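Here's the structure, in structure tokens; my notes come after.
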Amino acid sequence: MSRMHEEVELEKSVRRLREKFHGLIEIDTAVLLMRRYVKNHRMVAMWIALMADNDRELDEEDQAALNNDPVAKNVIMKLKAEEQQQEEKHAKSSSSGSSGAGPSAKAKKQPSDDRDITELGTRLRVLPLTMENKRMFDQAQANQIPSDTHQFACESCDRDWWRRVPQRKRVSRCHRCKKKNDPVPPDRMWGIAEFTCPNCTRNFKGFGRMDGRSPCYGCRSAIYPMKILPPRRKNMMPGPKQRNQHSCFAEDCYHRMEPHVPGTECVHPHSRQKNRKPRVVYPSPAHISSGSTVNTCLSQGSLIESINELILDDIEEESEDDSDSSS
């Protein structure tokens, strides 16, 4: 395994461990534990949630192990820089308005005897007894990071994408301009839609938008979509195309159905291209950071741009570029 790939894998495990405890675990400690237990964030998270014993910080042996581990040091420096940058941004906005782990970093006996895990369990267990904290421990023990899939769209770069993000941190960064965005509002989403006709009970899929009606392929009734579906890579597989050509009541639809609705726009890529309109139908709101969250496992931080795919593939990001443009 190359040193760069090793750093990526270590970073992913550290981000996952910290996300399970909402960023309450220090970066140094998280990196040390992931090196010690071969990036097994599931096991470590479970033991932290179960532990309640003494209280201590990193001892000299642990600190020496990190100092002699270049991979761990690089990950620590990167994550700390991200955290510091986030804190500086928050403070500014408020004021204005290949080496492996060293021998000492290897696992010490069992997790139940690990002082670092014990210390974390003790410190986290004295948190106030709230529903949110209880939910955090329950989810950590069950190896869960609650997440949802959302559509994002960058107006300045004219691109849209789908991403699975934590429920507590619904934000995604555009890979081109690096700006952070909130999800497209649910009532403004567009793309491959799923329809259920209340008149003929027909179920079908086609391009649509949540705030616009499309004709049923069966009875031609004008109906709203039930939901917008994330594109699937399997749509790129060769095979017969759908029998029904796209058609809607939008004024500028390339295959318009009458009576059309004046002033409405078609979201089908053919119509957008024919009418020389931007790809993005409704842009994401710009994300305003509260400074209350950290860059964790499902955030868009990466070692370098070319390494992004390793992390994105791991969390199954799906881009509209991967979808079939026909309906």
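From the backbone N, Cα and C atoms, a Cβ is placed for every residue, glycine too.
Residues 163-179 are the range that Swiss-Prot records as motif 'Nuclear localization signal', among 163-179, 265-281. In Swiss-Prot, the motif 'Nuclear export signal' annotation falls on 304-312 of the listed ranges 25-33, 70-78, 304-312.
The average pLDDT computed over the motif 'Nuclear export signal' (304-312) stands at 34. Shown for the motif 'Nuclear localization signal' (163-179): DSSP residue counts in helix, strand and coil, namely 0 helix, 6 strand, 11 coil.
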